[in-house]
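Here it is, the structure in full.
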Amino acid sequence: MTQINNRSVWFVIGTQHLYGVETLRQVERHGQQVVDSLNRSGILPFRLQIRPLVKTPDEALALCREANYDSECYGIMTWLHTFSPAKMWIGGLSVLHKPLLQFHTQFNAEIPWDSMDMDFMNLNQTAHGGREFGFIGARMRLPHQVVTGHWQDERTLLRIGQWMRTAAALQAGRQLKVARFGDNMREVAVTEGDKVAAQIQFGYSVNGWGVGDLVEVINQVKDGDVNALVDEYESRYVFSAAAAVGGAKRQNVLDAARIELGIGRFLDDEGCRAFTTNFQTLHGMTQLPGLAVQRLMQQGYGFAGEGDWKTAALLHICKVMAGDLTGGTSFMEDYTYHFAPDNDLVLGSHMLEVCPSIASEARPLLDVQPLGIGGKADPARLIFAAKAGRAVNASVIDMGDRFRLLVNVLDAVEPPRALPKLPVARALWHAQPSLATASEAWILGGGAHHTVFSQALTVDDLRLYGEMLGIEVVVIDEQTTLHGLRDALRWNEAYYRLNQR
């Protein structure tokens, strides 16, 4: 596996001067060996960077302050090789704003039965040193994570990698700018929300631009750039007769390419990595952005329709979290049900905007078809079906006094029959634990009709993300019952009201 970028997680070993110079040298050597091994493993998405031993309160404070201001640092991973009195960490942990992982490991995998002496016991104290550090985390109510396991165990490294990706997603959210072209779809409730509260909680900023500002950039795109992009389309997609050279709708494909280039340039100029559109506010645009949005999502941009900035932001964050993992991640909407004995299904889609990262076809179909809403020219779009396999749907909603993240476990399936007259991309799935329970639980929890659909991420990924942020997480999976979910929602309501700051 290739590491994603040059950013890193700091590997910090806590100890104290009590043990003497030679013991501390051994700790340093062990730490370097562990870091080198983990970096060579091919499992971690980001590099571990070893830092000097932390032996005093001043060193702990200085380290945490430095981590906060280092934009290349995703978070801190601590290891208590020896006993590190936790009071010395209070100052540093009080100011730390980066994610914290306690790696509860030890240098030796097994007890050296024949050779273990008091020198060995003096050096290898993770088992109780980690508990001391863990107490101060609990006492300070720190939203931190703990991974236990030997540093040469692949299962342990996979969990560290999961934490790293989530830490990267957290930082991406804190740096994210979301552009809204137009406002929300009129009279829709769930796409509304407190953007100031969201920026305080998640870190991302949401601002609006008039569609005219975007149209001006689109109109400045040169024909040569459009033709070059259409050549790329030709190499990647199968064209319908209408969309092909000489086809009745060829100009619509050229217009879609111009829109893609214009939106991409606008977002890059403004530093935005997520955006929303609204089919009710398209003044000056030739067609509703379909193909353009699909391709921009595949490039990592977050998107949601009808002004839904929460889902657009969540999509970009999830794409960062998915990183190098297998499987795609897309904007999605539950569209229609298939009620059948022992085979209830949900068809998910949207008007046009489903990301081709989830496509089962190597070369999706590029077509131009009429669209009954928006009042514009027939839009270009990619048509495909999602791959079969385990997936999740996720939604962030504004509950007024807090944000709630809902996650439903799904099993995507291959369509049992063709859909020859449906000219949009789609996914078909079994909702866990059943369509009836999943939909009722989702509705009781207030989940949005827009979601992020991911075949790369799991419930554990999203739960970890919610825990890092300190937001409410509601999971609907194979174990969910309606009475249990109702109880959990009531308990959560009490907890978050009592825990308001």
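Each Cβ is built from the backbone N, Cα and C atoms, and glycine gets one as well.
Per Swiss-Prot, the features are:
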type: BINDING; residues: E306, E333, H350, H450; note: Mn(2+) binding site
Could you tell me which three-state DSSP class H350 (Mn(2+) binding site) falls into?
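H350 (Mn(2+) binding site) sits in coil per DSSP, no helix or strand.
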Cβ-Cβ under 8 Å from E306 (Mn(2+) binding site), same chain, 6 or more residues apart: which ones?
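Same-chain residues close to E306 (Mn(2+) binding site) (Cβ under 8 Å, separated by 6 or more) are N184, M185, V188, T191, T276, N278, F279, H450.
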Quick one: which residues besides E306, E333, H350, H450 have a Cβ within 8 Å of the Mn(2+) site's Cβ centroid, in sequence order?
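Here the non-site neighbours turn out to be A304, G305, D308, T311, F331, M332, M351, E353, H449.
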According to DSSP, collapsed to three classes, what secondary structure does H450 (Mn(2+) binding site) have?
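Once the DSSP labels are grouped into three classes, H450 (Mn(2+) binding site) ends up as strand.
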Go through H350, H450, the listed binding-site residues, and name the one with the sparsest Cβ surroundings, counting other Cβ atoms within 10 Å.
H350
